[in-house]
Amino acid sequence: MIIRSPEPEVKILVDRDPIKTSFEEWAKPGHFSRTIAKGPDTTTWIWNLHADAHDFDSHTSDLEEISRKVFSAHFGQLSIIFLWLSGMYFHGARFSNYEAWLSDPTHIGPSAQVVWPIVGQEILNGDVGGGFRGIQITSGFFQIWRASGITSELQLYCTAIGALVFAALMLFAGWFHYHKAAPKLAWFQDVESMLNHHLAGLLGLGSLSWAGHQVHVSLPINQFLNAGVDPKEIPLPHEFILNRDLLAQLYPSFAEGATPFFTLNWSKYSEFLTFRGGLDPVTGGLWLTDIAHHHLAIAILFLIAGHMYRTNWGIGHGIKDILEAHKGPFTGQGHKGLYEILTTLWHAQLSLNLAMLGSLTIVVAHHMYSMPPYPYLATDYATQLSLFTHHMWIGGFLIVGAAAHAAIFMVRDYDPTNRYNDLLDRVLRHRDAIISHLNWVCIFLGFHSFGLYIHNDTMSALGRPQDMFSDTAIQLQPVFAQWIQNTHALAPGVTAPGETASTSLTWGGGELVAVGGKVALLPIPLGTADFLVHHIHAFTIHVTVLILLKGVLFARSSRLIPDKANLGFRFPCDGPGRGGTCQVSAWDHVFLGLFWMYNAISVVIFHFSWKMQSDVWGSISDQGVVTHITGGNFAQSSITINGWLRDFLWAQASQVIQSYGSSLSAYGLFFLGAHFVWAFSLMFLFSGRGYWQELIESIVWAHNKLKVAPATQPRALSIVQGRAVGVTHYLLGGIATTWAFFLARIIAVG
């Protein structure tokens, strides 16, 4: 029998009034740094001010103070999110056609922005149907509002005001928990309590309350809406909540209340907690009863998970014990020491969270179209394309951020003296093998995937279609993907016998679902064209990983620069007199990784956009004949590079290029402007610092001549600053160009 020492009781976990509130520091730019606070000598000062303002590590080495600043900043972030949400709901209430859309979502487009006529820009107010003129929105808010049971613009107003109140509350909390009652370091490090509260509270009770809202408010209101009842005739949410008879008319088992729950006769509830699979044929979205059931189930899981970790009661798991027990046959000490890393070095913790959240965001992108969760979302092609693109970009940025903070952790926080033979140490010791193998994989994937396209272009150019890789000549069918599709399509009858349809129509087997003459979703065929582009995906993803992982594993030292850790996270080169050591800092790997991330995500969203227009989206005639937007040309056109240029980029750019004089003209201007921003980046990326310094000095000479020289000396951007400005404009220009291209196209044809 093991006698454990009693767990320590909870101590006082906050400091009262640690830092007095004062606005004086607001008037002192750079108050957090002795150097910057002195004020500007040269124009470099303003760059340093921005670079270090939120780099709390550089303000102090006191971990408790850093933790408090981060914690407080999180409340500020939440405040901004609530403010943004409030603005979205306010636009829905004040400037939108939400009530009209609700009454006829198949013929009326969603709009929540009306442009004021000042210099003729009211041309942007296009006709979205129902006699309303405004800018068509593609955020999916209307669909979410309908799914949650919002039936009037008054309800949107109330929610907007509520969000503003919450924004103010968050601002107050940020001030309060830094200036009035600041948590002690021990509170931030109490991971078991944190897990219990976040799992049971945020995820468990959050899901449970959403499930409750769905059952008591969303489901009945959506039942009425689907039956064509006028939104103004539908009872208000509180009437459903307070009056059980109203619900019992729609779902008879409601009359029995909680009795079936306590008598374990749960199947009584299967009217509104279903397990159907597939899509609701009326709205083209997942069955809302399936969604309510899902949230209830998730809530139970997380409520249980939120009681798993050991706090004051001496029962449950301890994270440190779990990690230290985690040893495999080939992993030495395993995760020993990881607990200390993750509870004291926040960059490591952040890196992990960014990697998980980034991956999750990309998973969301893929589920939003394959299992469209909201009513009338699947037939709103512009919104579908926007949601996919948005979540892919966000996921890409978060994953690069994960590598960035992993590298910062390696440079600033990793202590090699007390890490021996644990997992991280073992990875670092065979990093050469990892990176060289990964490099080989990248070369293999690059040559072979691109080589297949080049072969096809060559055969096509020589007029030999019979020798091309295509569905009609030499087939390269994606047999594994087709097998997975088939397995899922057959699941309802076999591995998931309770389901009536498979999780997603895209797997195959089922019929297509059309709403209002438009295809919502249908089985997606995969062929040679998909096989080719999937290998490009594999190539770009592996190269991104190669660059980012090399940056992390060689952040502290390399054969070229053994003392790299002393040079810091970002540095241009290893000092004067040592050639060939530029672009080796951990920061430079993030910089280079961003370009490949952009590359990878671009191919993904191009693939998605074209594939959906070619093989999924389109109209259906009364005879049941489907006409796709681009007539199924993906399979034959996307198998050559020339096809991508001619039939995707050029052919589909016609809408944005010809948008002048129409309500889509703003996209035409953005398309042009964003190209300019992108080109502007090349000026920073292709020229060196000396060129600009030389130019600046001659400009300063002219100012001196006229006696108008400023006191602050102008300086050229440092090498790192120039690269940062370059990559920012490159990504901003590239993403905005793609945005204008996609939206002008899909709003015009979708």
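Heads up, the Cβ atoms here are built off N, Cα and C, so glycines get one too.
Among the features that Swiss-Prot reports, transmembrane segment is placed at 70-93 (among others), with the record citing sequence analysis.
What Swiss-Prot records for 156-179 (among others) is transmembrane segment, and it gives sequence analysis as the kind of evidence.
Sequence-remote contacts of a segment are chain residues at least 6 beyond its ends whose Cβ falls under 8 Å from one of its Cβ atoms, and for the transmembrane segment (195-219) they are 147-149, 237, 240-241, 247, 250-251, 272-273, 288-289, 291-292, 295-296, 298-299, 301-303, 305-309, 311, 319. Feature annotation from Swiss-Prot assigns transmembrane segment to 195-219 (among others); the stated evidence is sequence analysis.
Per Swiss-Prot, transmembrane segment is recorded for 291-309 (among others), and the stated evidence type is sequence analysis.
For the transmembrane segment (346-369), the list of distant contacts is 66-67, 70, 377-378, 384, 387-388, 390-392, 394-399, 401-406, 408-409, 412-413, 521, 608, 612: same-chain residues at least six beyond its ends, Cβ to Cβ under 8 Å. Summarising the annotation, Swiss-Prot assigns transmembrane segment to 346-369 (among others) and lists sequence analysis as the type of evidence.
Under the heading transmembrane segment, Swiss-Prot lists 385-411 (among others). Outside the transmembrane segment (385-411) by six or more residues, the chain places 138-140, 341, 345, 347-348, 350-352, 354-355, 357-362, 364-366, 368-369, 544, 548-549, 551-552, 555-556, 565, 568-569, 586-587, 589-590, 593-594, 597-598, 600-601, 604-605, 608-609, 612, 735, 738-739, 742-743, 746, 750 with a CB less than 8 A from a CB of the stretch.
Among the features that Swiss-Prot reports, transmembrane segment is placed at 433-455 (among others).
Residues annotated as transmembrane segment in Swiss-Prot: 531-549 (among others). Same-chain residues lying 6+ beyond the ends of the transmembrane segment (531-549) with a Cβ under 8 Å from its Cβ atoms: 399-400, 403, 434-435, 438-439, 441-442, 445-446, 448-450, 452-453, 456, 469, 476-478, 481, 589-590, 592-593, 596-597, 599-600, 603-604, 607, 638-639.
Long-range neighbours of Cys573 ([4Fe-4S] cluster binding site) (same chain, six or more residues apart, CB within less than 8 Å of its CB): Thr581, Cys582, Val584, Ile719. Cys573 ([4Fe-4S] cluster binding site) falls within neither a helix nor a strand when secondary structure is assigned with DSSP, and so counts as coil. As annotated by Swiss-Prot, [4Fe-4S] cluster binding site applies to Cys573, Cys582.
What Swiss-Prot lists as transmembrane segment is 589-610 (among others), and the listing cites sequence analysis. If one looks beyond the transmembrane segment (589-610) by at least 6 residues along the same chain, the residues whose Cβ comes under 8 Å of a Cβ in the stretch are 369, 385, 388-389, 392-393, 396-397, 399-400, 403-404, 407, 533, 536-537, 540-541, 543-544, 547-548, 550-552, 583, 630, 634, 638, 644, 648, 652, 723-724, 727, 730-731, 734-735, 738, 742, 746.
If one looks beyond the transmembrane segment (664-686) by at least 6 residues along the same chain, the residues whose Cβ comes under 8 Å of a Cβ in the stretch are 121, 123-124, 126, 135, 655-658, 717, 722-723, 725-730, 732-737, 739-741, 743-744, 747-748. Feature annotation from Swiss-Prot assigns transmembrane segment to 664-686 (among others).
The chlorophyll a' binding site annotation in Swiss-Prot covers His675 and rests on sequence analysis. If you take the C-beta of His675 (chlorophyll a' binding site) and look for same-chain residues 6 or more apart in sequence within under 8 angstroms, you find Gly733, Thr737. Secondary structure from DSSP puts His675 (chlorophyll a' binding site) in a helix.
Swiss-Prot lists Trp692 with the feature phylloquinone binding site, giving sequence analysis as the kind of evidence. Under the DSSP three-state reduction, Trp692 (phylloquinone binding site) is assigned to helix. Its own atom aside, the Cβ of Trp692 (phylloquinone binding site) has 17 Cβ atoms within 10 angstroms in the protein chains shown.
Through the fold, the transmembrane segment (724-744) approaches residues 138, 382, 385-386, 389, 393, 591, 594-595, 598, 602, 605, 609, 652-653, 655-656, 659, 664, 667-668, 670-671, 673-685, 717 of its own chain, all at least 6 residues removed from its boundaries and within a Cβ separation under 8 Å. The transmembrane segment annotation in Swiss-Prot covers 724-744 (among others).
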Determine, from DSSP, whether Cys582 ([4Fe-4S] cluster binding site) sits in helix, strand or coil.
coil
